[in-house]
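> The structure's right below; bear with me while I get my questions together.
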Amino acid sequence: MTSRPAIPRHIAIVMDGNGRWAKARHRPRSFGHNAGRKAVREVVEGCLREGVEALTLFAFSSENWRRPEEEVGALMTLFVRALDKETDELHAQGVRLRFVGDLAAFDQPLRERMQAAMTRTTGNRKLHLNIAVNYGGRWDIVQAARDAAAAVGRGELRAEAIDEAVLGSRMCLAELPPLDLFIRTGGECRLSNFLLWQAAYAELHFTDTLWPDFDQASLHRAIEDYGRRERRYGRTGDQVATDKG
Ligand code: FPP
């Protein structure tokens, strides 16, 4: 009898390497970001095929504003184009699109487009696709703490009642399955302030593949790698084996 392979319910990806991919082709960085957009499509298809429930992509970090103005502008244009071009198909495929992060920093037309895409796809359940923009893991923890503090101020919550569950429920993506697999492409092995709270028990998968080259086969390899991990949550290997038996 063959047992079903373990499929992560929720995958997060730091899509790194667009710039180097473009540089290797003597093209501007925006060319790499554009190729990165195609890889996003590949991975969404892959997640739908593999039965992953939620996919969270780091598209623009709170630190990315420090990039040259021209590159930031090119990325914004790319996001708008991608929204205009992809929302119909994502909707048809049953994908629920959500933007997470401090959206207040974006200009009004972009915010309106993001909101329209979220509203339009809100009833979809095949795949939760979360795009993190102007997002930072520490920002996420701070906004959850502020929200809890405000509830204390209003007399709706006792300070002593604040525990992991109370704070966790105020964090981005709280209503989705816990993060199982954290992937980073482009050869760096760090979290870069992405989903710090949510990644507490995630399996980490680092690959040298540059993001524009990351395809469905790469995703499948990452999922296979995940399937070989033993998730212990603080228990011993023997305890985990006994539970499985
Ligand atoms: C990191 O590569 C990539 C980004 C900061 C932008 C990610 C954006 C996309 C993949 C575009 C499409 C996204 C959506 C959601 C439509 P880098 O520029 O840091 O690469 P480098 O490390 O090689 O310089």
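Using N, Cα and C of the backbone, Cβ positions are placed for all residues, glycine too.
Unlike curated entries, TrEMBL annotations are predicted automatically.
Here's the feature list from TrEMBL:
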ACT_SITE  Asp16  active site
ACT_SITE  Asn64  active site, proton acceptor
BINDING   Asp16, Glu203  Mg(2+) binding site
BINDING   17-21, Arg29, His33, 61-63, Trp65, Arg67, Arg184, 190-192  substrate binding site
> With the Cβ atom as the reference point and anything under 6 Å counting, tell me which of the binding-site residues (His33, Trp65, Leu191) are near ligand 1.
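Among His33, Trp65, Leu191, near ligand 1: His33.
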> Please name which of the recorded positions listed here, Asp16, Asn64, Glu203, is nearest in space to Arg184 (substrate binding site), Cα against Cα.
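It is Asp16, whose Cα lies nearest.
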> Tell me the Cβ contacts of Ser62 (substrate binding site) under 8 Å, same chain only and six or more apart in sequence, or just say none.
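Spatial neighbours, sequence-distant, of Ser62 (substrate binding site): Gly101, Asp102, Asn134, Tyr135, Gly136, Trp139, Asn193.
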> Using DSSP, would you call Gly17 (substrate binding site) helix, strand or coil?
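DSSP call for Gly17 (substrate binding site): coil, neither helix nor strand.
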> Neighbour count first, Cβ atoms within 10 Å, every protein chain included; then name which of Trp21, Trp65 tops the list of binding-site residues.
Trp21
> In DSSP terms, helix, strand or coil for Ser62 (substrate binding site)?
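For Ser62 (substrate binding site) - judged by DSSP and reduced to three states - the answer is coil.
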> Sort Leu191 (substrate binding site) into helix, strand or coil using the DSSP assignment.
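Looking at the DSSP assignment, Leu191 (substrate binding site) belongs to neither helix nor strand, so coil.
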> Around Leu191 (substrate binding site), how many other C-beta atoms are within 10 angstroms of its C-beta?
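Around the Cβ of Leu191 (substrate binding site), 17 other Cβ atoms lie within 10 Å.
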> Write down the Cα-Cα distance for Asn64 (active site, proton acceptor) and Gly19 (substrate binding site), rounded and given in Å.
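With the alpha carbons as reference points, the distance is 13 Å.
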> For Glu203 (Mg(2+) binding site), identify the closest of the recorded positions Asp16, Gly17, Trp21, judging by Cα separation.
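Nearest by Cα distance to Glu203 (Mg(2+) binding site): Asp16.
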> Name, in the order they occur in the sequence, the residues of the same chain whose CB lies under 8 A from the CB of Gly17 (substrate binding site) and which sit 6 or more residues away.
Gly32, Thr185, Gly186, Gly187, Thr209, Leu210, Trp211, Pro212, Asp213
> Let me make sure I understand the structure: which of the recorded positions listed (Asp16, Gly19, His33, Asn64, Glu203) has the fewest other Cβ atoms within 10 A of its Cβ?
Asn64
